[in-house]
Amino acid sequence: MSELQEILDRAADGGRISPEEALELYTKAPLHALGRAADAARRRRFGDTAHIATYLIDRNINYTNVCVTACKFCAFYRPPKHEEGWVRDLDDILRRCGEAVELGATQIMLQGGHHPEFGVEYYEQVFSAIKREYPQLTLHSLGASEVEHMAKVSGVSIEEAIRRIKAAGLDSFAGAGAEILVERPRKQIAPLKESGERWLEIMETAHRLGVESTATFMMGTGETNAERIEHMRMIRDVQDRTGGFRAFIPWTYQPENNHLKGRTQASVLEYLRLVAVARLFFDNIAHLQGSWLTVGKEVGQLTLHFGADDLGSVMLEENVVSAAGARHRSNRLELIHLIRKAGRVPAQRDTLYNHLVVHDDPANDPVDDRVVSHFSSTAIERGIAHPELRIVVAEAHSGGA
Ligand code: SF4
C-alpha cells in the first residue's frame, strides 16, 4: 500500500493526520481518491443521518459599511467620512429582521465595518432590540474582529465585551474575520486587522464563556499550500482545547472592486481538494460547509461528494462577498433540488444543525418563491433584487446609528 493510501485510509477511518500528512494529501493525492476518503469520513461521522445534506434560511444584515480597518481584499467598506459611507438605523434593521421571519429565516447574521464609534453599547442596543421583537431568531453574528474593535472603543476587556453582548442576545459568533490566520499572508491582505493568534485567542475566550462559533477560511489571496494547511492546524489546535467550533467554512476570495484585485484566486480544483482535506484533517469539527455563493452552484453541489455535509444558507440578503464579485444567487427550492440531485436528502437546519424539515418527498417541497438570495443595491448597481427585499439606497453616513 502506498504511503498516501495509508494516510487516506487512516483519515477515512477517523484517525488523526498530521499537518505534514495533510499537505501531502493536498498536493499529491489523486483527486478521486481524496474525494472518496473525505466522503467516507463524512459518512462515518454522520452514521444514520449521512444520507442528509442541510441548508439554512438566514439573512445577513449589514449595519454599516464604515470601517477603519481597510482590509485590502474588501470591496464593501468605506473609510470614515467617505461620501458613500452609511449606517442603517435600528428601525431598518428590525424591518429586515421582520421580513426574514416572514420568509422563514431562523438566523440573522449581523455583519459590518469597524465603525470608529461603535462600542459594546451599540451592539447591546441592537441585539436586545432584535431579541425583544423577534425572540425566535438566532443571532449568529459578528466575530472575533468585531469583538476586538468594540472592546477597544469601549475600553473594556474582551471577556467583558463578550459577556455583555451575550447577555444582550448574541447566540453565537460567525467565523468571519478569520480570512487566513497565518501571519505572512494575513499581514499582506489585512495589515490593520488583529493577528491570527489574537483572532483565535478571542474565539477561545468566547468558547470558554459559552458562545460557540464557526471558523472560516478565505482562500486564494496569495497564500502557499503549506499556509493553507497551517490555517487549519491553528484552528484544530484550539478546537482540541474548546470544542467550540461547530463548522469549518472555506470559501474563495472574490477579486472585484478591491485593492488586491485579481492578482490571485483559488481554482475550483484547489477549492475542492481543500474541502476534502478539511474533512479528513478536522477529526474534531463536525460540520463542513460548501460555499455555492463563491464557487457556484454546481461546484457547491460537488462539495457534497468531497466531504461537505451542508450547503449553508439561501441568504435572503448578502452584500459583503457580493460586493467583491460573487454573482451566484439561488433560492430555497433550487438548493433542495441541488442537494437531491447530488444523491442526498435535503433538510432545512437551524444554527445548531438540528433538522427542522426533512424534504424526503418531492411532492411536499416548499412552494414559496419569495425565499431567494439576492444582491443588494450596494453590491450591484441596478441589481436584480427581489422586489419585496429591495434594499433602500444607502443614506450618507451621519456619524452614528
Ligand atoms: S473585511 Fe471587515 S474589517 Fe476588513 S475592511 Fe471589510 S468591513 Fe472592514
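Cβ from N, Cα, C; glycine included.
Residues annotated as [4Fe-4S] cluster binding site in TrEMBL: Cys67, Cys71, Cys74. Of all Cβ atoms in the protein chains displayed, 24 besides its own lie within 10 Å of the Cβ of Cys71 ([4Fe-4S] cluster binding site). In the three-state DSSP classification, Cys71 ([4Fe-4S] cluster binding site) falls within coil.
In this view, Phe73 (S-adenosyl-L-methionine binding site) is surrounded by 20 other Cβ atoms within 10 Å of its Cβ, with every protein chain counted. Among the features that TrEMBL reports, S-adenosyl-L-methionine binding site is placed at Phe73, Glu179.
For Ser291, Ser313, the entry in TrEMBL reads (3R)-3-methyl-D-ornithine binding site. Other Cβ atoms within 10 Å of the Cβ of Ser313 ((3R)-3-methyl-D-ornithine binding site) number 25 in total over all chains.
If you look up TrEMBL, you'll see 53-286 marked as domain 'Radical SAM core'.
Here Ser291 ((3R)-3-methyl-D-ornithine binding site) comes close to Ile249, Pro250, Trp251, Thr252, Gly300, Thr303, Gly312: these same-chain residues lie at least six apart in sequence, with C-beta atoms under 8 angstroms from its C-beta. The most densely surrounded of the binding-site residues Cys74, Glu179 is Glu179 (count of other Cβ atoms within 10 A of its Cβ). When the binding-site residues Phe73, Glu179, Ser291, Ser313 are checked against ligand 1, none has a Cβ within less than 6 Å of one of its atoms. Every protein chain considered, the tally of other Cβ atoms within 10 Å of the Cβ of Cys67 ([4Fe-4S] cluster binding site) stands at 22. Annotated [4Fe-4S] cluster site Cys67, Cys71, Cys74; additional same-chain residues within 8 Å of its Cβ mean position, judged by their own Cβ, are Thr69, Ala70, Phe73, Phe76, Tyr77, Gly113, His114, Ala190. Under DSSP, Glu179 (S-adenosyl-L-methionine binding site) is assigned to coil, being neither helix nor strand in the three-state scheme.
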